[in-house]
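Record features, source Swiss-Prot:
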MOD_RES   Ser1  N-acetylserine
DOMAIN    1-141  domain 'Globin'
BINDING   His59  O2 binding site
BINDING   His88  heme b binding site
Amino acid sequence: SLSTKDKETVKAFWSKVSGKSEDIGNDALSRMLVVYPQTKTYFSHWKELTPGSAPVRKHGMTVMKGVGDAVSKIEDLTAGLMELSELHAFTLRVDPANFKISHNILVVFAIMFPKEFTAEVHVSMDKFLAALARALSEKYR
């Protein structure tokens, strides 16, 4: 679970990187589709799945808006993300095993923000993204 220090670290780091959300989301989603090709099945309705394509860029931004929303609801992720959990469970039917983007977001943070993404920030962001994935999985139980 997230300590008070983790929450402070996540909020502080997010305030530094959120202005680059579109680029972070595009790169993270592009990487996910390459590294975890099985995730492409959820996006088969898109005309183009290549890294950096318009649909990938657009959905990457959507994902990062969700991450930003989660940062603002960090005190109670499960309640705060219930609507998003229901969407993924009942409408999109995404298997929680395919919530693979968080690892790619961490990679992109490390690449884009090498000075700011310290080991301490890495640990807190990893814990936060794991908590976010658990909150999104809530409606699958």
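Yeah, the Cβs are placed from backbone N, Cα and C, and that goes for glycine too.
Distance between Cα atoms for Ser1 (N-acetylserine) and the residue listed as 'heme b binding site': 23 Å, as a whole number. Taking DSSP states H, G and I as helix and E and B as strand, the domain 'Globin' (1-141) has 111 helix, 0 strand, 30 coil. Counting other C-beta atoms within 10 Å of each candidate's C-beta, the binding-site residues His59, His88 are led by His88. There are 7 other Cβ atoms within 10 Å of the Cβ belonging to the residue listed as 'N-acetylserine'. His88 (heme b binding site) sits 14 Å from the residue listed as 'O2 binding site', taking the Cα positions as reference.
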